[in-house]
Amino acid sequence: MQTDIGKKAAGEKAAEYIKPGMTVGLGTGSTAYYAILRIGELVRAGMEIKAVATSEQSEQLAREQQIPIIPFDKVEKIDIDIDGADEADAQLQLIKGGGGALLREKIIAVAAKEMLVVMDESKLVKQLGKFPLPVEIATFAWELTFKQLAASGANPVLRLKDNNRFVTDNGNYILDCRYQKIHNAAALEAQLNSVPGVVENGLFLHYASKLIIGYQDGTVREITRPYQGKKSF
Ligand SMILES: O=C(CO)[C@H](O)[C@H](O)COP(=O)(O)O
């Protein structure tokens, strides 16, 4: 597929930032996939790293690639998190969760010193919101949470998979909220987080330190936020 050239270029470029001894967060999706494959090659060539995964799917892929996955009680720091995005703007604000892994992805992104976002050129937008914003919700009385979000103008749609309700790795549902344009992402994030039943939302506003954008000709462009000296904990 043509677009995979950009995804592959971005994923492989991100792996260049990994150094021996690092603990790496492994993202989820078809672009993070290419980073995980490349990291697997590095590991099999002898590079010693540790990793944590943002989904069961990525953990399984990592294990197939012989990447050592460590339990969370052994994590002292996460040096780099490499993950995809559904949309990103030039301020490095993201919408994530198209693959349904947003909660685990956000937990890892917050803990990582650096978050590298791998994406093809189609994901870079002037304004967030065209991609429906995934909101993970508790299954208990989900219909009421749905109504609360609908009343706030979110235009939610319950995510389905094979005609059944999509269930996240955490046992929750996802509402895809169709805003079309998000004018004040920080205010929207605060409003969503104030609704009981909302577990997490797909706005990642402050976490990305670098966008690695892959193009169909195989080149990459990077947009970097000045390093803030962020610690894991
Ligand atoms: O947030 C995600 C999963 O929850 C993915 O990172 C996002 O959906 C991008 O995926 P892809 O690289 O396949 O386009």
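Yeah, the Cβs are placed from backbone N, Cα and C, and that goes for glycine too.
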Per TrEMBL, what member of K50, K123, K126 joins T28, G29, S30, T31, D83, G84, A85, D86, K96, G97, G98, G99 in binding substrate at one site?
K123
Do any of the binding-site residues T28, G98, K123 touch ligand 1, in the sense that the CB is under 6 Å from one of its atoms?
T28, G98
Restricting to the chain of G98 (substrate binding site) and a gap of 6 or more, list residues whose Cβ falls under 8 Å of its Cβ, or answer none.
G29, D86, F131, P134
Compare all C-alpha positions of T28, G29, S30, T31, D83, G84, A85, D86, K96, G97, G98, G99, K123, the record's substrate binders, and send over the largest distance in angstrom.
15
Between the Cα atoms of K96 (substrate binding site) and E105 (active site, proton acceptor), what distance do you get, rounded to the nearest Å?
8
Would you count the other CB atoms within 10 A of the CB of E105 (active site, proton acceptor), including those on all shown protein chains?
31
Report the same-chain neighbours of T28 (substrate binding site): residues 6+ apart in sequence with Cβ closer than 8 Å to its Cβ, ordered by sequence.
A53, T54, S55, Q57, S58, D83, G84, G99, A101, R104, E105
